[in-house]
Structures are given as C-alpha cells and as structure tokens.
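Trainee: Below is one structure. I have some questions about it.
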Ligand code: DON
C-alpha cells in the first residue's frame, strides 16, 4: 500500500504516481509467457503479445497514462456490457432480465454446455456469448446498423467521439465464427431470439469489432464508477439502476470462469475482451489513508496475450498490483 502521501489526488503528486505506474507497466509487460494472443479470429493473431498499455482517469480529471498507448483494438466482449445497458435503457430492466438471467456460469465464454441445462429457461447472463447474442436480438431495429445506432450513441456520450467499426475484424469474425452460429441456432430453436438470426449475429459480430483505445475504456469506466453520470457535464448518460446491474454483472461474470478469482484478488468490476482489453471500474471508497483516486476512477488496459479463460495475462497482473497497492478492492 502507498503510505505517507498526502493529497494524492493533486497534480503535484501525479508525477510520483506516474513513475510508479510506468515501473509497474515495464515489469508486467514482460510477464506474458503463460499467455497467447487469440488466434481463433485470424485478424487478432497479428497483435504483439508483449504490448501493454493502461489509462486511469479519476473523477477529478486526473489521468495516469502509461505504456503502449498508441494502439487501438477491437472492443470484443467488452461490448456486451454496453449492449446490455442499451437494451435495459430501451426495453426496461424487467423485460431484459426476463430473457437473460444474471447468474455466473463457471464455464467458458462461448460454452454451449450450459445452454441446455439452465433451469431458468434463459441464458445464464449477458456476459457470455449465449446471453450477449440474445441481448443483441433485443436491440431495437430491423437491421444490424439500426440496432447498433443507440450503442454507438451511448459510446459517443461516454467517450466524446463516435468510434469506428474495424471492417477487417468484423469480416474475419463473421467468416470464422461457427461456434457463435451454433449458439445462435440453439437460441433460435429455443425461442429466445427476438430478431432474425442473421441480423442478430451480424449485430453481435459488428459490436465486437468496434475500435477503441485504453483512454476510451477508462472514460467508460469512470462514468460507470460515477453511477452513470458524466463527471464533467453532470449529464446522466446511464440511469443509476442500469449502471448498478451492469457493474454487478461485471464483478460476477465479467472475467468469465475467472471472475471469482478476479473478485478475490483484485476486487473491482471488470470486463475483458479477447483482443486483450479490460474495462475496470473503481467505485468511490472511504479509507483512512490518503490513497489515489478515492473518489473513484475508470481504468482501461490493453495487453493482447491471453490466459486460458480469454483474459489478458499482463493486464490482470497489472490491475491486481495497482488495486492492491492503492487499496481499491470493494471488499
Ligand atoms: O464471441 C466471440 O468469439 C468474440 N467476438 C468475443 C469474445 C470475447 O471477447 C471473449 N472474451 N474474452
């Protein structure tokens, strides 16, 4: 734990914090031997496994940015948080939760095992593919572009610009994603989908292919940390009750079958994606010590070497170290 500092959230101390984070990034960047870049989507295979970048943005606007920051990457499964938020905002929480549950699976993100044995008659949660594809089918609109418009709008409200689709990633995923098609057919047979299967899958593949940066992830995390309110404009971007469910889903299901370990060792809501991004949310906390970012912050990490569960190896190590050093755990 960082001790003996006063008023850490001031620009004066930013220099010290920056030095710490720079050192940690350099250290963890080299710790990727247990990881592997995703290769099941050909375009993702091109990433350099030793890339590591992080952005932290606090409620007071203080930013720590370190490592490889000039990379953009596809949002992948982190989009599941955003599509769930859009669906809840447009259709209502009750409606959405009648169609997708909020229980962890303990299985891989693309598992088909649990589909057939869920007694609640709906996919387990919106963070695994079965639940996320169901959520994509709930988005309003007849085409994938119509369905994605509110998602782009939400992102623009959160990050300050309209992000773009990476067409190569989209095509790469669309042409290879047999498992997701299988999940889609199963969902269709069970009557879970509210839209045409082709449109639903196109929507899901496109939402995963939106390009973002660690800065964008940190901004999104900050708004979630601030209960859906933009800290500068004070505009309500996401209703508080929707933001709350999104954060609880991130904590319980966001790191897939490693969510329990992540909650135990890091202790903050987070969502990973197979391109190596992690969106993390540090809610405001009450502590005796003068620690950085006590009013809450958003953290975006990018490290493309993944562990077995599909989470960034160096990203998790870095987040764990920062959360422990600065006492960020909720628990
Ligand atoms: O469904 C897929 O295969 C991907 N486009 C998204 C999966 C993903 O990011 C899983 N995360 N770790």
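Cβ from N, Cα, C; glycine included.
All annotation found in TrEMBL is predicted automatically rather than curated by experts.
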Trainee: Same substrate site as 77, 129, 180, 204, 256, 274 according to TrEMBL: which of 173, 189?
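Mentor: When TrEMBL describes the substrate site, the candidate it includes is 173.
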Trainee: Where among the binding-site residues 77, 180 do you find the Cβ with the fewest other Cβ atoms within 10 Å?
Mentor: 180
Trainee: Just name the winner among 204, 256 (the binding-site residues) by count of other CB atoms within 10 A of its CB.
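Mentor: For the binding-site residues 204, 256, the Cβ with the most other Cβ atoms within 10 Å is 204.
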